[in-house]
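*Asks:* One structure follows; several queries about it will come next.
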Amino acid sequence: MTSMEKSSSASSLGPLGLDIAQSFFKPIQQAAPPSPTKRHTKISVIGVGNVGMAIAQTILTQGLIDELALVDVNPDKLRGEMLDLQHAAAFLPRTKILASVDYSVTAGSDLCIVTAGVRQGSGESRLNLVQRNVKLFSCIIPQLAHSSPDSILLIVTNPVDVLTYVAWKLSGFPSNRVIGSGTNLDSSRFRFLIADHLDVSAQDVQAFIVGEHGDSSVALWSSISVGGVPILGFLENQQITFSKETLENIHKEVINSAYEVISLKACTSWAIGYSVASLARTILRDQRRIHPVSILAKGFYGIDGDEVFLSLPVQLGRSGVLGVANVHLTDEEAQRLRDSAEIIAQVQSQLNVTNLDIS
């Protein structure tokens, strides 16, 4: 199927479809060619459901890229989403928007964001759902790797930790260029709840959720700070009593918040859109910020043995994962993180993922 990048309002407005773009402007004489160092930045989003389009829309409003490619299996919805975004051109930074069911449209991408996934059927087990997504990824990832061999893969589809591992195996990419959105959004929810308790801006709260993007995630209470003030140390110094149960309830609220949103509006979209757009900005602008995202965790924080992807506080930049921050963990936090890794490893052991072909 051909690319859909041209809408009916292309530049062929002259008689007999003559392209008038070349004659509309008088060229500058003896103009120098563009600088060879000028980058053309491109992102591809795979899957144009609620999450994929929230990510695409947020990225467009931030002026991060020169070109956006959309891919989906539904050509009508795909073209409709492309046209809807193109029609907002007067209100957005100039960006070329392409769309196709053919993965060749993603060629030359700097970042490929995968949101496509199959929906859980009535009565279907989580394990069977995961296995069907593995099968879907075996169609998606090799094509992305072929079209954009130097790109960074950012996986959003759930269960994100297992599927990021699958994408790594299928792509043959070095592990620093395969990242899962992980607990970046969980940590934002965590920061919001703490900020709400203290009546401060969430941007002044430093707090991480790490481990699995799921029920076994770990809240790093020992390293939380607000405006540079370590929160637990402050409470102890002020002799303000707090219970461990109170802390656990806040963490449970983080875990349950996604379920609550889904029960109310059938999906989550805007928060994950902003979360992934923040990752895209950090990566493409080489901002070297620290985000809790899913990476190959073997060798960090005492996680040995199985190759698992889970979220750790990671420095991101133009080449993907630059390093893992040495955040101090209590013995309990470190053990919970290892337990989370073991849970992910158990899920992987039940799947047909160990014999994936590496491109």
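Heads up, the Cβ atoms here are built off N, Cα and C, so glycines get one too.
From TrEMBL, here are the annotated features:
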{"type": "ACT_SITE", "residues": "His213", "note": "active site, proton acceptor"}
{"type": "BINDING", "residues": "Gly47, Val48, Gly49, Asn50, Val51, Gly52, Asp72, Asn133, Val156, Thr157, Asn158", "note": "NAD(+) binding site"}
{"type": "DOMAIN", "residues": "41-180", "note": "domain 'Lactate/malate dehydrogenase N-terminal'"}
{"type": "DOMAIN", "residues": "183-344", "note": "domain 'Lactate/malate dehydrogenase C-terminal'"}
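Give me the local environment of each listed feature.
*Replies:* Of all Cβ atoms in the protein chains displayed, 31 besides its own lie within 10 Å of the Cβ of His213 (active site, proton acceptor).
Annotation for Val51 (NAD(+) binding site): same-chain Cβ neighbours under 8 Å, separated by at least 6 residues, are Thr115, Val156, Cys267, Thr268, Ser269, Ile272, Gly273.
Mean predicted confidence for the domain 'Lactate/malate dehydrogenase N-terminal' (41-180): the pLDDT average there is 94.
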*Asks:* Using DSSP, what is the helix/strand/coil residue split across the domain 'Lactate/malate dehydrogenase N-terminal' (41-180)?
*Replies:* 68 helix, 26 strand, 46 coil
*Asks:* Determine the Cβ neighbour count for Asp72 (NAD(+) binding site): the number of other Cβ atoms within 10 Å of its Cβ.
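*Replies:* If we count other Cβ atoms within 10 Å of Asp72 (NAD(+) binding site), we arrive at 23.
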*Asks:* Non-local Cβ contacts of Gly49 (NAD(+) binding site) (under 8 Å, 6 or more apart, same chain)?
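*Replies:* Result: Thr115, Ala116, Cys267.
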*Asks:* Check the Cα distances from His213 (active site, proton acceptor) to each of the binding-site residues Gly47, Asp72, Asn158 and keep only the ones within 10 Å.
*Replies:* Asn158
*Asks:* Same-chain residues six or more away whose CB lies under 8 A from the CB of Gly47 (NAD(+) binding site)?
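*Replies:* Result: Val71, Asp72, Val114, Thr115, Ala116, Gly117, Thr157.
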